Amino acid sequence: MKVLGIETSCDDCCVAVVENGIHILSNIKLNQPEHKKYYGIVPEIASRLHTEAIMSVCIKALKKANTKISEIDLIAVTSRPGLIGSLIVGLNFAKGLAISLKKPIICIDHILGHLYAPLMHSKIEYPFISLLLSGGHTLIAKQKNFDDVEILGRTLDDACGEAFDKVAKHYDMGFPGGPNIEQISKNGDENTFQFPVTTFKKKENWYDFSYSGLKTACIHQLEKFKSKDNPTTKNNIAASFQKAAFENLITPLKRAIKDTQINKLVIAGGVASNLYLREKIDKLKIQTYYPPLDLCTDNGAMIAGLGFNMYLKYGESPIEIDANSRIENYKNQYRGKNNEKNFSNA
């Protein structure tokens, strides 16, 4: 079965063709550099650019896959969560294709797509612990299947990638913040500033994260945390912030691994491409899986891959389904698309 995957939840316009849930025939992504001068995503600009680009991106994906549009068996599309304008562009485009081609459509949760991405590269047996790190989401989950996901911990404020973006904006390091801070930090001393690392002692927040304190310390209280006579340079700020940002993840992650007694870890999301983070994770000395770099960031392949499996198990989505910018009725457990404990109706 050939699945056309469409992902437009934020600023990347992505279309892919995937066969049988795992064989990637094409995976096309168009970035939107227009946002760089604003140091962040402007929703109105993002949705307009998606409207202008999605047809050509789809044609490129089909051409690279050597596939005619009539040969597509299923259309998978991200319907939540994300920027509502961007989601609507992708969803309406997918609906138009489904209606005109008389093909089924399956709507996919963006978060579950990221959690599925590593399985397209490596054969990983369930259960395992997943760590999702992106500009919009930071969470730890226990996965028993592609549709059986228990959220153990999540950020209580900023996402990890969001904190990188805000620090980078303040110090004029460029957008997006993650890759720029990683590059700038290579020539810095990570011990110049001893920024605070947040860990929670309450049971209900045992696996949760917080980045607001670190962000505030780095932006507004810089000299308070200076511990060496090194100069206050962008390189040293970037290196010290990056160190603290990833140390922030380690304690909740260790707790989750110990308490669940699951020694397999899967890393997903755009921040997973950071090589410094990978060095930190490798020191945990557990079996760890990373998706290739093109599957770390937003992409259509993960939507098509998960869409294949969801369709086989649950069937198609109603054509009337709407885009949703948020995760409704957030619960800690996700089991299938019809379970009352869903954190997604996708």
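In case you wondered, yes, glycine gets a Cβ from its N, Cα and C as well.
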Recorded substrate site member, picked from Asn248, Asn263, Asn274, that accompanies Leu132, Leu133, Ser134, Gly135, Gly136, Asp165, Gly178 in Swiss-Prot: Asn274
Swiss-Prot annotation, Fe cation site containing His110, His114 - matching residue among Asp294, Asp298: Asp298
His110 (Fe cation binding site) versus Leu132 (substrate binding site) - Cα distance in angstrom: 11
Distance check against Asp298 (Fe cation binding site) for the binding-site residues Leu133, Ser134, Gly136, Asp165, Gly178, keeping those with Cα within 10 Å: Ser134
Cβ neighbour count (within 10 Å, all chains shown) around Gly135 (substrate binding site): 25
Pairwise C-alpha maximum, in angstrom, for the residues (Leu132, Leu133, Ser134, Gly135, Gly136, Asp165, Gly178, Asn274) that bind substrate according to the record: 17
His110 (Fe cation binding site), number of other Cβ atoms within 10 Å: 26
Neighbour count (Cβ, 10 Å) for Leu132 (substrate binding site): 26
Extra residues within 8 Å (Cβ to Cβ centroid of His110, His114, Asp298), Fe cation: Glu7, Ser9, Thr78, Ile111, Gly113, Ala117, Ser134, His137, Gly269, Asn299, Met302, Ile303
